[in-house]
Ligand SMILES: CC(=O)SCCNC(=O)CCNC(=O)[C@H](O)C(C)(C)COP(=O)(O)OP(=O)(O)OC[C@H]1O[C@@H](n2cnc3c(N)ncnc32)[C@H](O)[C@@H]1OP(=O)(O)O
């Protein structure tokens, strides 16, 4: 069985461990964490901080997966992604066996499709994204990289989302809109207009309440 190391020993990691165990394709050798504070998570050993990643690679573990949700700092996932690629790691695509992914959808490396999520035909989901539990990515959506679609969030057909964006839990987005880069859409928002880069938008209908620092 191929070996994999996980990065980030938080809550999102627990769900990824479940997913990997159910798929039975990878043996998880351990978890690294920026600030390790415990010995194990769901029985998987926490083997040190991220400085260990080069020696883990050299020991023959050539797959890795980013397990941090990083809601308040989506860019952290980018930094780790670039580091892993530089070290030579391959990042698999992880698809939970209860999700539904069209064979006409394209999903790129390091992206996970969580339990009960739906990805329909013509969707393109870039690298290092999270399509979380029961989220819906409808036909012809285009997601750039490092995007988190939270649990139960729904994207109608043909929505374009820029990199580093977080769509909040239970948000709904009508068809053919463009959501910018580094955006946060609040929990339960109804998005009916395009959202500009770096915006935080909340409410029904969603309105921009502030702008974040450009990243
Ligand atoms: C598996 C998992 O757990 S995945 C994680 C899923 N989690 C999420 O999706 C979280 C989404 N986050 C949110 O909705 C947050 O409230 C954010 C990011 C939109 C805003 O957070 P902050 O930047 O800290 O803003 P803050 O809490 O100060 O709120 C600012 C204003 O917006 C309002 N507001 C915040 N969130 C929302 C929301 N979802 N809907 C409506 N209004 C909101 C607040 O009431 C406040 O209004 P006021 O100024 O009139 O008092």
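Backbone N, Cα and C define each Cβ position, glycine as well.
According to TrEMBL:
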type	residues	note
ACT_SITE	139	active site, proton acceptor
BINDING	148, 169	acetyl-CoA binding site
DOMAIN	3-83	domain 'PglD N-terminal'
SITE	140	site 'Increases basicity of active site His'
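Structure with TrEMBL features highlighted.
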{"residue": "139", "record": "active site, proton acceptor", "Cβ contacts under 8 Å, 6 or more apart": "102, 120, 121, 122, 123, 157, 158"}
{"residue": "140", "record": "site 'Increases basicity of active site His'", "Cβ contacts under 8 Å, 6 or more apart": "121, 122, 123, 157, 158"}
{"residue": "148", "record": "acetyl-CoA binding site", "Cβ contacts under 8 Å, 6 or more apart": "69, 70, 71, 74, 129, 130, 132, 165, 166, 167"}
{"residue": "169", "record": "acetyl-CoA binding site", "Cβ contacts under 8 Å, 6 or more apart": "150, 151, 152, 153, 187, 188"}
Can you list which of the recorded positions 139, 140, 148, 169 have their Cβ under 6 Å from some atom of ligand 1?
169
Local backbone state of residue 148 (acetyl-CoA binding site), from DSSP in three classes:
strand
Treating G and I as helix alongside H, and B as strand alongside E, what does DSSP give for the domain 'PglD N-terminal' (3-83) in helix, strand and coil?
31 helix, 23 strand, 27 coil
Averaged over the domain 'PglD N-terminal' (3-83), what pLDDT does the predicted model reach?
94
Residue 169 (acetyl-CoA binding site): secondary structure state under DSSP, collapsed to three categories:
coil
